[in-house]
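Copied from Swiss-Prot, the annotated features are:
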type    : residues                                                              : note
BINDING : R78, R103, D130, P131, M132, L133, A134, T135, G136, G137, T138, D199 : 5-phospho-alpha-D-ribose 1-diphosphate binding site
BINDING : I193, G198, D199, A200                                                : uracil binding site
Amino acid sequence: MPVTVVDHPLVRHKLGLLRENNISTKNFRELANEIGRLLTYEATKSLPTEKKTIHGWAGPVEVDQLVGKKITVVPILRAGLGMMDGVVDMIPGVKVSVVGMYRNEETLEPVRYYVKLAKKIHKRHAMILDPMLATGGTLVATINLLKEAGCRRIMGLFLVCAPEGLARLEKEHPDVEVYTAAIDERLNENGYILPGLGDAGDKIFGTK
């Protein structure tokens with residue numbers, strides 16, 4: 001399974017700021033979007049382009065333009081919305097598909113409560129957004145949904161990942177590409193990532 005840890009000084013610095021326990025909602029939102037933007041840069045660098053001649057200020061000029069399948073960004077509600085603006089900044093015309101999942105705190109398994117996918121999603125590459133890949137249950141359920149809808153190329157963008165979640169993804173969907181700012185140490189007994197970020201959804205939305 002292709003896993004890319006985006007090892008860049010800016011990413012490491014911004015992730016370090018995100019880990020501060022008393023970070024403000026404003027700063028957490030801004031940093032999550034900034035890292036999302038940097039992850040998008042890495043995740044899209046293999047997109048195909050073609051040469052096209054346009055009319056420049058001094059006459060015809062040959063440029064590169066994206067070609068091929070379009071992308072749909074898939075934020076997993078609610079925390080995935082905290083990375084979406086950064087991605088949309090990089091790909092302004094991207095279509096947004098929304099998947100609502102929450103994790104049952106007792107079983108740690110995902111529960112789906114809302115789905116709204118882009119039209120002709122089977123013709124698009126899907127880019128899943130979720131700040132944290134913990135047990136992998138929510139991610140696997142989302143990938144199952146997208147594959148059932150016809151998606152053939154799926155990637156996931158995460159601020160931090162747990163080894164346990166990556167192992168589950170490797171077992172169930174080894175074809176999915178992962179882009180992350182860090183792979184953390186482990187999950188605790190409650191299924192939270194250590195050292196992690198705390199509850200990313202609460203920090204993004206200012207709730208508890």
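Backbone N, Cα and C define each Cβ position, glycine as well.
Not measured: the values here are computed from a predicted model.
Overlay of Swiss-Prot annotations on the structure.
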residue : record                                              : DSSP (3 states)
R78     : 5-phospho-alpha-D-ribose 1-diphosphate binding site : coil
D130    : 5-phospho-alpha-D-ribose 1-diphosphate binding site : coil
G136    : 5-phospho-alpha-D-ribose 1-diphosphate binding site : coil
I193    : uracil binding site                                 : strand
G198    : uracil binding site                                 : coil
Expressed to the nearest Å, what is the distance separating D130 (5-phospho-alpha-D-ribose 1-diphosphate binding site) and A200 (uracil binding site) at their Cα atoms?
-> 9
Smallest number of other CB atoms within 10 Å: among the binding-site residues D130, D199, that is D199
Roughly how wide, in whole Å, is the group R78, R103, D130, P131, M132, L133, A134, T135, G136, G137, T138, D199 that binds 5-phospho-alpha-D-ribose 1-diphosphate, by largest Cα to Cα distance?
-> 17
Rounded Cα-Cα span from A134 (5-phospho-alpha-D-ribose 1-diphosphate binding site) to I193 (uracil binding site), Å | 6
Using Cα positions only, nearest of the binding-site residues to D199 (uracil binding site) (M132, A134, T138) | M132
Looking only at C-alpha atoms, tell me how far M132 (5-phospho-alpha-D-ribose 1-diphosphate binding site) is from A200 (uracil binding site), rounded to the nearest Å.
-> 8
If you measure from the Cα of G198 (uracil binding site), which of the binding-site residues R78, A134, G136, T138 is the nearest?
-> A134
Nearest-integer angstrom distance between the alpha carbons (Cα) of T138 (5-phospho-alpha-D-ribose 1-diphosphate binding site) and A200 (uracil binding site) = 15
Taking Cα atoms as reference points, which of the binding-site residues R78, A134, G136 is nearest to A200 (uracil binding site)?
-> R78
